[in-house]
């Protein structure tokens, strides 16, 4: 007996990240190889023809799990009964644009999308914001959807998490899949703090394997933080395939579970680790039965506190920068 199809809404459907994302969702990488999906694709009116072209390609893959596709420029159509919403589309920063202008341009998009989710999405909708500034965009959407549980709104730090994993694997020679208990704290921006104090690889302490505090502070943390900029510099385009892969990882783990393994998600704070409530902040979590749970009680040393407070300061500044645009 086939499962009933799940509805997956994707915004920015004509964009580069979506182009790497949609085929994998239709292939079952997001929700499982036995779960049919209906894709509900949102983009601007001027991008509708491009979305139609992507849909033609999706059709030409003849994916057994793709049960239907909706193309629209109306958030209320895109988010209707959505089980998962991947908010990929955002206003990119153009040359000479101040950060506050970027924040207000995105606040406009995410208040509308949050309100539409509030009105028409499934009450259990799992929302992942990929479009930058992701944490604050997720905060805006959450605040614009008062009837949905706050825990439904998350921001993507999985790309930072995966970048940190690959740097640690390269440094230690350990297989990337063997590394456990890595955390990435804070904002999805160069201020985030990748933290391997608790990490292990094949049962060995990552701190002992690396044994190089200067590398941690001067190479590892900046490399992970500035990796996106390094890719733009090398390729002339932003990281789209790796971002799409991280989005798949984030939602798949949220839905299907992590078997006790730590992953990083940007989630609304409950006040723990000294982070004010509701701020969407990257923390280590485990997932089971479709729910995430923050890893509690980790010791925060002085260096970590400084890094965690630094990324928090940026998030508070962003929050205050959009406060006047939010109703509640």
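Each Cβ is built from the backbone N, Cα and C atoms, and glycine gets one as well.
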So Swiss-Prot lists 93, 99, 163 for substrate; which of 132, 135, 211, 216 goes with them? 132
Say Swiss-Prot lists 12, 13, 14, 15, 16, 17, 18, 113, 130, 131, 132 as binding NAD(+): which of 27, 106 is in the same site, per that record? 106
I'm trying to understand the geometry here, so how far is the Cα atom of residue 18 (NAD(+) binding site) from the Cα atom of residue 163 (substrate binding site), in Å to the nearest whole number? 20
Looking at the binding-site residues 16, 113, 132, the one with the fewest other Cβ atoms inside 10 Å is 16
Recorded positions 12, 14, 16, 113, 188 vs residue 132 (substrate binding site), shortest C-alpha separation belongs to 188
Between the recorded positions 93, 99, 163, 188, whose Cβ has more other Cβ atoms within 10 Å than any of the rest? 188
Around the Cβ of residue 131 (NAD(+) binding site), other Cβ atoms found within 10 Å total 25
